[in-house]
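*Asks:* I have a structure I would like to understand better, so I am pasting it below and will then ask my questions one at a time.
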């Protein structure tokens, strides 16, 4: 085992929640609204299906190969050569996914606060911070998740509670104007985000109480979906039809808060607290990437490759999209298919082969 | 401008190497090889990105592979 630290199932659930929701609340409402229009709050409910499916597959695989991560058991299931290839495809995906997450973080901070700062400075700064956290190991991640995420979760809820006077519930009507197809189409991006639960595979071997793993991961999916529904509902109540043109609705909503004309301009607090969630998310991605790579190469430790990989992530985050518009466009059209096909199909394939092999062994 | 970028990247990577070297020296050979391979990949890629900022990358490959299904999803 490379990692000696242990986390509890509750901390695992918090880390996975951060991995999915931190960037989801920024981008999901805008991307979903392009297709789903007023039904955008229904889309995460469809996406919950892929979240549950992936959690079931990953926990089933973990039961067949205890104390192993996806990169390790893919070699045991498919043999050395094919296992290494599948492992490489998955790790390359993880590198790309991590880079996209850093880019999302950078674009948001830049367009919200630091307009003139080069994006490399923003992403590089958080990458260095995350590198320290990753260097500390999984326990540091687990504890920062337990400390930060309750604050972040309260913030998400508070934004729309403060806006209650401005919310117009009638904006939600007509529900399913064009049938249920638009909401299914809009669910593409939430599907992609929730398919990230396949990364659970890297955390399961580190648990100190494995019996509760299933319960907490399902709960984590449910809370993630409910958060997305809540954020989307709040946005449709607040913005109505113009939601399709609002790039960062949650941030715009925070700007809108004004209570008794003295409680205003809370958007700086919102960003400061959001960055805490973003930090947990990015360090979790970063950690899984270096851990997976060192397992793939069978290295004794992951610590020396943290900084080189941080550099590589920043490069990929610049390389992955030439502009913000391009990134948003590909996130609504092609990238989700990449996410789903890697994170849903690879574990499915592995599970099919593993079950088949087990049957074959029993028949002998 | 471009030379400055290349020099800056090289200096940054040298700093990373200097920071890690004392611990890395005692590590096994494989670890050192992996470390320097990743550094080299990063260095080459960084210089390519400085010289050709619009170089097609993984995103273009993903677009190319998933475009047909993406278009179908958008229209129907």
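Glycine is no exception: its Cβ is also placed from the backbone N, Cα and C atoms.
Quick paste of what TrEMBL says about this protein:
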TRANSMEM  A:12-33  transmembrane segment
TRANSMEM  A:45-65  transmembrane segment
TRANSMEM  A:77-96  transmembrane segment
TRANSMEM  A:116-134  transmembrane segment
TRANSMEM  A:146-164  transmembrane segment
TRANSMEM  A:188-207  transmembrane segment
TRANSMEM  A:219-243  transmembrane segment
TRANSMEM  A:269-293  transmembrane segment
TRANSMEM  A:305-324  transmembrane segment
TRANSMEM  A:336-356  transmembrane segment
*Asks:* Check the transmembrane segment (A:12-33) against the transmembrane segment (A:146-164) for contact, please; criterion is three or more CB pairs under 8 Å, pairs 6 or more apart in sequence.
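*Replies:* In this chain the transmembrane segment (A:12-33) contacts the transmembrane segment (A:146-164) - 3 or more Cβ pairs sit under 8 Å.
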*Asks:* So, does the transmembrane segment (A:45-65) come close enough to the transmembrane segment (A:305-324) to give 3+ Cβ pairs below 8 Å, pairs being at least 6 apart in sequence?
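*Replies:* Output no: the transmembrane segment (A:305-324) is apart from the transmembrane segment (A:45-65).
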*Asks:* Which listed range (A:45-65, A:77-96, A:188-207, A:336-356) shows the maximal number of Cβ pairs under 8 Å with respect to the transmembrane segment (A:219-243)?
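*Replies:* Top-ranked stretch among A:45-65, A:77-96, A:188-207, A:336-356: A:45-65.
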*Asks:* Are there residues at least 6 beyond the ends of the transmembrane segment (A:77-96) whose Cβ is under 8 Å from a Cβ of it, and what are they?
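*Replies:* Distant Cβ neighbours of the transmembrane segment (A:77-96) are 65, 70-71, 199, 285, 288-289, 292-293, 296, 312-313, 316, 320, 338-339, 342-343, 346, 349-350, 353-354, 357.
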*Asks:* Which residues of the chain, 6 or more past the ends of the transmembrane segment (A:188-207), have a CB below 8 A from one of its CBs?
*Replies:* 1, 3, 5-9, 12, 15-16, 19-20, 23-24, 27-28, 31-32, 35, 43-44, 46-48, 50-51, 54-55, 57-59, 61-62, 66-70, 94, 97, 138, 213, 217, 220-221, 224-225, 228, 284-285, 287-288, 291-292, 331-332, 335-337, 339-340, 343-344, 346-347
*Asks:* State, in range form, which of A:45-65, A:116-134, A:146-164, A:336-356 has the highest count of Cβ pairs under 8 Å to the transmembrane segment (A:269-293).
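*Replies:* Stretch with the highest Cβ contact count: A:116-134.
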*Asks:* Need a quick answer: max count of Cβ pairs under 8 Å to the transmembrane segment (A:45-65), which of A:116-134, A:146-164, A:336-356 is it?
*Replies:* A:336-356
